[in-house]
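What TrEMBL annotates here:
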REGION    A:361-394  region 'Disordered'
TRANSMEM  A:28-49  transmembrane segment
TRANSMEM  A:56-74  transmembrane segment
TRANSMEM  A:80-99  transmembrane segment
TRANSMEM  A:132-152  transmembrane segment
TRANSMEM  A:208-227  transmembrane segment
TRANSMEM  A:258-282  transmembrane segment
TRANSMEM  A:294-320  transmembrane segment
TRANSMEM  A:332-358  transmembrane segment
Amino acid sequence: MIGSATPAEAAAAEVSAPRARGPWTGRAAMLATYAVAAIVLFGAAPAMLTDFRLRMLAQFLCVAMVAVGIGLAWGSGGMLTLGQGLFFGLGAYIMAMHLQLSSAGPSGRPAFMVTGSDLPWWWELFRSPATALLGIVAVPGLLALLLGLSVFRRRVKGAYFAILSQASAAAFALLLISQQNTIGGSNGLSSFRQFFGFALNDPVNRRMLYFIAAGVLIAMVAVVHQLRRSRYGELLTAVRDGEERARFLGYDTAMVKVVAYVVAAVFAAIGGALFVPIVGIISPQNVGVVPSIGFLVGVAVGGRATLFGPVLGSLAVSYAGSTLSEQIESGWVYVQGFLFILVVAFLPGGLGSIAAVVRSRRRRPAADELPRGVPEPDAPDPEPTPADVRSGGA
Amino acid sequence: MREDYLEIRDLRVEFDGFVAVDGVNLTVLQGDLRFLIGPNGAGKTTLVDAVTGLVPATGSARLDGVQLLGKSVHRIARSGVGRTFQTASVFEQLTVLQNLDIAAGAARNWRTLLRARSGIPPTVELAMETTGLTALRDRPAGELAHGQKQWLEIGMLLVQNATVLFLDEPVAGMSGEEREQTGELLRRIRRDHVVIVVEHDMQFLRSYADSVTVLASGKVLAEGTYAQVQADPRVQEVYLGPGHTAEPAPALGEVL
């Protein structure tokens, strides 16, 4: 056996001890976290907040849904999705079209439309509640699948992928603005009266919307939780850190990445769809480049590679944003930008990584004392890019 | 029992007019621990890149008669070709166990993928024992020592269920004892694999090579046992420069 009395085994005895985990880091802690989240969202918040504040929280929850998806795609999968406004907007607009049609009655027309102009055929697709709900998931999902496959198959990644996704959000916003007569242009769609038969001016129904948003958000976190702990989650991280290597193991890495990308897109779309009845308006301003970056800031601040970091970061940033902009108008954009730079420069893993950073600082001296059979190589081993592999001994 | 073989015919790789591999013919059978040597720029790694789909090539490379050239990287890997890299390229953030589990899982379906790992697959268990990494299985691969990373790479090749194994300088940076253990491991796995090792370490080569192919300027210069290759004046000339052919043969081992 190659391993008999190797340094590997000698080192192992020492290694296993510090890695032992306390009772609070396992399953129990996870369950406790979910329980706390449920108590806060379903108990404390509705009991303590005014209707106005609760509606605001519901809006933050919708934004946090986008953040959960970004956490998966960016944190676990390394895809810097700078253009989630595209999918958020698709979900939102499909919901808005449905709400306008249902508010207008059986053969009615949306309020903003000029009399005399025909209702475009694609509005009719979302008249029925079933097709509207299907469309909210299927349209962004299929678009993300096509977009993702064509981009990942061409091995576009890193900054190029980020720019591409941001451009797609910008283009989508421009397209919406240009469609004054068919989709409301820069004014967007608003004045919805009912939500699947429930009057939107009734406070009870508004509360129900909040509870739906809270439930959906928790469900999304649970889905990402399962994905992260599954073999797929490990594979996604492997592809993030060494895509070429994963390919040499026989994985179609484009497929691996596209799954996370589609999940993130669908989450963003659902967030957008719930945003519409809760906020009461959707316009190109909510889907372009600036909101797309806004979705990302919370994820970066909270810790993109952690399970709860994206949600908590997103909620905190939304809250800070609304509080600050109540005091100083337009000042928030600068604060947001500064926050982003601060995190990227000094704590790339976000606030959620503080514990890990401290732990590794404390552990490092111990790790150095480990007996090692070979001298450490001078430089850390980088991921083998084709260029690396080609140079050297060839 | 059927013997596996890799058959490369007239392989040619060209980068912008520079011919890196120039009509190489090479056949390696299961059970033959083949070493690929040659001076820098001889085309060794490029040849491996071509067969594993990383760089486009013309000619043919067949594994048990099945053409590999023209397929994408992951399809070639699924056909049974595995490789390691000069710089150990394990997934640093993942543990030893996770690395091996991923290497073993390219054929898994989505239903399996979407569940958490419930136990350690037997092949992974075996590979951890073979490479002596069992006790380190929950350690992030990034924290392993250099030699351990190389073994993890080899372990990943083993669980990948590859028929052909390309190893690019597997003992670089290893201590004498680790080299020996790696050599023994290679000897054992060549019994049921086609193993091709790119290596600069002549000491290691002399101890463990069943056969040697010497590449120079993209062409096969010589092929045979270590002794045969060592005695070849053309090989000596490539390694030592013209005028040194008269020197005693053992100089090869020393100089390299």
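Glycine is treated like the rest: Cβ placed from N, Cα and C.
Worth saying up front: this structure is predicted, and the values here are computed from it rather than measured.
Tertiary proximity for the transmembrane segment (A:258-282) is limited to same-chain residues at least six positions away from its ends with a CB under 8 Å from its CB atoms, namely 55, 58-59, 61-66, 68-70, 72-73, 76-77, 79, 81, 84, 87-96, 99, 136-137, 139-141, 143-145, 147-149, 152, 188-192, 195, 200, 206, 209-210, 212-213, 216, 220, 223-224, 227, 232, 236, 295. A contact links the transmembrane segment (A:132-152) to the transmembrane segment (A:80-99), because at least 3 Cβ pairs that are 6 or more residues apart lie under 8 A.
Away from its own ends, the transmembrane segment (A:80-99) comes close to residues 66, 69-70, 73-74, 110, 123, 126-127, 129, 132, 135-136, 139-140, 143-144, 158-159, 161-170, 172-173, 176, 183, 188-189, 192, 194-195, 261, 264-266, 268-277, 282, 284, 286-289, 291-293, 295-296 of its chain (Cβ-Cβ under 8 Å, at least six residues beyond either end).
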